[in-house]
Ligand SMILES: C[S@@+](CC[C@H](N)C(=O)[O-])C[C@H]1O[C@@H](n2cnc3c(N)ncnc32)[C@H](O)[C@@H]1O
């Protein structure tokens, strides 16, 4: 079970540590203090995950049961790699029989069983390259992509929403029937058209805010479960048109 870490220091490091005033700007010092005192950061180190983001996926899975039985997974915006670590584990992926494809424009240290593409997901070649790398229809397309911040909140918001939308269309293009799509989004940010498209293609669409997603952050996750399949949606549209 994914337990929310409490204020103790299972990693042996004390919480509530202060960073000495020095060369750092006040904002950087506040960030560093928050980071080193974050129980999820400490727990990630203890459990061998590359990022605290691991617990977001594990918590979502605990409630919505998306990972069990997945044979192939595509991870969008994968670096530094904690979601890919989980994906490789649940799919029993190995370098000899890789079942996880991951993409990020940043570098990522290799993970056994993960085929990594260092590429912008918005590059026109990215979808084909990911399909080639995964070698079969994935059961999960997951995206933790967030656009690099520009300092202009609305611009950042729109860019991340755009990534979410492109990821959703990619998911509908590649997923195996019954598969799931999970993507980072923002509170109140999911476009009505995107929600409509997902509801048409998936059996269930929900927004999730895991406890490990910082309360002050507007980050949320959009989960679309049970892909109806490309043919099924085409057929139901034809049926509707005939009515
Ligand atoms: C929150 S981090 C992902 C953390 C990751 N889920 C983990 O568990 O380690 C978001 C990532 O999305 C990547 N990203 C943002 N926009 C992207 C794009 N257009 N193409 C590829 N990667 C992108 C960033 O470089 C960043 O590494």
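Even glycines carry a Cβ here, placed using N, Cα and C.
The S-adenosyl-L-methionine site recorded in TrEMBL includes 81, 83, 104, 120, and the single candidate from 38, 144, 156 that the record places there is 144. Cross-referencing 1-26, 53-78 with TrEMBL places the feature region 'Disordered' at 1-26. For the recorded site, residue 83 (S-adenosyl-L-methionine binding site), the DSSP three-state label reads helix.
Put simply, residue 81 (S-adenosyl-L-methionine binding site) is 15 Å from residue 184 (active site, proton acceptor) when counted between their Cα atoms. Close contacts with ligand 1, defined as a Cβ under 6 Å from any of its atoms, occur at 104, 120 among the recorded positions 104, 120, 184.
According to DSSP, residue 120 (S-adenosyl-L-methionine binding site) sits in a coil region rather than a helix or strand.
Looking at the domain 'Ribosomal RNA methyltransferase FtsJ' (49-227) alone, the prediction's average pLDDT is 95.
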